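Asks: I grabbed these lines from TrEMBL:
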TRANSMEM  12-35  transmembrane segment
DOMAIN    17-298  domain 'ABC transmembrane type-1'
TRANSMEM  55-76  transmembrane segment
TRANSMEM  133-151  transmembrane segment
TRANSMEM  157-174  transmembrane segment
TRANSMEM  235-258  transmembrane segment
TRANSMEM  278-297  transmembrane segment
DOMAIN    333-566  domain 'ABC transporter'
Amino acid sequence: MKLVLSYLKPYRVAMGVAILLTFVELTVELTQPLFMAKIIDEGILPRNLQAVLSWGSIMLGVSFLAFAAGMTSSFYSAHVSQSYGYDIRKRLFEKITNFSLETFHRLPASSLITRMTNDVTQTQQAIFMGLRIMLRAPLIIVGGVVMSLLVNAKMGFILLGTVPILIVLILLMVKTGGKLFREVQTMLDRVNSTVRESLMRIRLIRAFNTESYESGLFTTASENLRQQTITVLRFMEVIMPLSLLLMNLSIVLILWFGNNHILMGAMKEGDVVAIINYATRITATLPVFTMIVSMFTRSKASANRISEILREPTNDIALGNTTSIPLSIKGEIKFENVSFTYPHSDKEVLHQLSFHVNQGERVVILGATGSGKSTLFQLIPRLYDVSEGTILIDKRDLHDIKVDELRQQIGYVGQVPYLFSGSIFENITWGKEDATLEEVIAAAKDAQIYSFIASLPNQFDTIIGQKGVNLSGGQKQRLSIARAFIRQPRILLLDDCSSALDAQTENRLFQALEKYACSTLIITQKINTALTADQIFIMNEGRIVAKGSHAELLEHSALYQQIFQSQSKKEGVHYV
Ligand SMILES: Nc1ncnc2c1ncn2[C@@H]1O[C@H](COP(=O)(O)OP(=O)(O)OP(=O)(O)O)[C@@H](O)[C@H]1O
């Protein structure tokens, strides 16, 4: 909470002005019953129209002052809450874009979106309400009692006697109600996460026909929320009428004693009306406390969730530990005894890897699932840092190359092609923002997707849905490859990204790749692809268990012979 509130620091002056003006508005409001008393005592009862008009005009003037102060206070409060919202969203976005991959695994995108939107809005509303309403309610209670004592000390004592009981009830409401509202908030979060997760796996739910199971999860979460909300409302329904009963009793007492005092000539009618007015103003603030408690509880939960993000460490790799030597990479890659363990994990997934890839070479990596192939790829653009050993690019330690310069010269295509909503042109040029149409066409042709794009009515301007839902798996893969090609990378990492392509298309793709003359590492399950490689690595349980050219491996590696023979039989591969 403190961390989130620290974002209000730049707006201390505006907050001060808003609070000061709320005080002015409130003070002025509290004088109104006094003028009302004057109108009654000096105008209405003695039938003096002049007095009614004079006091009425003063009351109107004062009301206008309260209106102006309230409006300006609202203006400043809105400025503070909106500026705070803008600042904190900006900071959250900066922070999130610098998260390590590890943090992204832990905090799913949907949860981050909720924190950046809904949670920030909750805290913004609480700040606005805090400056405008939260202060008003307690101040009206205190101010109302003080003014009543000033109007008539004896009558004022009735309110003074009532208010401590009222405060006890309010404190009970804040404490117990706060706890109950916190539980409501937890239940509400559970409903949100159930819906979120169900929507994320909707395809799977349909495929496995598990709608009734999901619906059960949702019903349970929803029912818990209903029960908890009923409990908190019942509690409030007891406390609120009790408080109202107390205030109404004090109003009856004021009327009773007031009537006696008027009859005895010890008090004027107007003063009784003024004190009644203060009592009703205090009564009117009571429902506001329910809102304050519920809003404060919600915004506290939101503030905690926002703080979690703000406290997350950022990716040290992206931020520091780099020298600024500008470098044009040639593409030679050397691993020297590289071992790797994922952060927050005890299991070493790569063990003592050593290999050398010459500039412009093509290397195919084969291996069982989970053997560490994708992990190896992630070390080259420094998405993770090695735990032991050294990676050299052009004989230079990876740590001595500026990370953004390194990444600019690497083309990476992951296992799952990611396309965003936008045009095909935008999706390809994401790899190089200043690319010309000619470059885009060339990349699309090399990625074997041009003829498909050309057949579309809007060609490169065709809008594709989020995650490219209107494209086939193979088309998505080829668009992702075009995005990597357009960068003219010096190192190209293709992580099983041509799995959906037929053999002919894949062949043409790899032929087109020749002209880029970049060092290319390809993870694949297809032996056909291995045939085009300068070197083949076979990985097993985090180790390179065999490496060499196709001919070398065919001669020396029993494992490779097995893979080759089993796939050759299936696919009719012939090595010439
Ligand atoms: N973020 C992570 N945190 C901890 N362990 C991980 C993480 N990602 C992968 N691993 C583990 O690292 C090992 C290697 O995974 P990796 O994805 O590199 O294998 P792979 O050979 O590419 O597999 P596949 O062919 O199925 O993609 C696996 O045991 C996996 O469980």
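Glycine too: its Cβ is placed from the backbone N, Cα and C atoms.
All annotation found in TrEMBL is predicted automatically rather than curated by experts.
Help me understand the surroundings of these features in the structure.
Replies: If one looks beyond the transmembrane segment (55-76) by at least 6 residues along the same chain, the residues whose Cβ comes under 8 Å of a Cβ in the stretch are 14-15, 17-19, 21-22, 24-25, 28-29, 31-32, 35-36, 38-39, 42-43, 131-132.
Within the same chain, residues 19, 22-23, 26-27, 29-31, 33-34, 37, 157, 159-160, 163, 166-167, 271, 274-275, 278-279, 281-282, 285, 288-289, 291-292, 296 sit at least 6 positions outside the transmembrane segment (133-151) and bring their C-beta atoms closer than 8 Å to a C-beta of that stretch.
Panel annotation: around the transmembrane segment (235-258), residues 154-155, 158-159, 161-162, 165-166, 169-170, 172-173, 176-177, 180, 267, 271-272, 275-276, 279-280, 282-283, 286-287, 290 of the same chain, lying at least six beyond its termini, place a Cβ under 8 Å from a Cβ of the stretch.
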